[in-house]
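Below is one structure, written out as structure tokens, with a few remarks after it.
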Amino acid sequence: MTYHLLTTAYHPQTNGLTERLNKTLADMLAMYVDVDQKNWDNILPFVTFAYNSVKQKTTGFSPFFLVHGRDVDTPLDGILPFLPDESAYDYVQNLMTKAEEARQLEKIHLAKAQDKDKSRYDEKHRTVSYKEGDLVWIFTPIRKVGLSEKLLKRYFGPYRVTKRLSEVTYKVEPCDSMRSKRKLTYVVHVLLMKPYNDPDLQLKNTSRDNSPTQPIADSDQRTFDQVYLRPVTRNRSKQNQRVAVSRKEGEMSRSG
């Protein structure tokens, strides 16, 4: 049975197995792709074959073995003579048995590896929680043509927490002062959120804080909506630039 789970934006840990596979394939492609990178699609089948044929450290089996119950046949296997010592029926039954045993062992190995990773993560993790009505900043990576990515604004807001969906995910919406005509809500991971401190209260208390001190303008809000609803890619950089913000002169406060 297949289960479909929704993931939060800009939080690759939510789908760690897929992200790890993508990184491995990208590293393998980088070793063989041309300088202009136009032949990556020709190399991809060979890289995928190599990945599926190699035994993985975590599972103890190759992906091919877990699916088919046997190791992959190489060109050398086609050259050497094959002398079957069992019937076709027995051969198929053995394959099915070995495949099922391998899958059960894979589950055990994966559970141990996940427990180990969780323990390592929990050693440095600090629990953060928000209540309904809290104001927060939201981290959103943005690329704009002609501008340094290091100097771009990273946090947008303030946004109001409207609901706690789980221990690590929240539903937020723009504040009244920056809300667009249509009501927009977002599901955000807690690691992408920072508490918003009212600058008026900061001035009254004469306290200093590293958080940004200016709510984003309406044009900033449109940029955030455009980016957060659709993942940013290099192909969309020009499109994002068309909705990029024209900040007021002198507005230099940033966070991140």
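Glycine residues also receive a Cβ, built from the backbone N, Cα and C atoms like all the rest.
On a predicted model such as this, the values are computed, not experimentally measured, just so you know.
Straight from TrEMBL, the features:
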COMPBIAS  203-216  compositional bias 'Polar residues'
COMPBIAS  246-256  compositional bias 'Basic and acidic residues'
DOMAIN    1-71  domain 'Integrase catalytic'
REGION    199-256  region 'Disordered'
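In the predicted model, the domain 'Integrase catalytic' (1-71) shows an average pLDDT of 86. Here the domain 'Integrase catalytic' (1-71) has, by DSSP, the following mix of helix, strand and coil residues: 39 helix, 0 strand, 32 coil.
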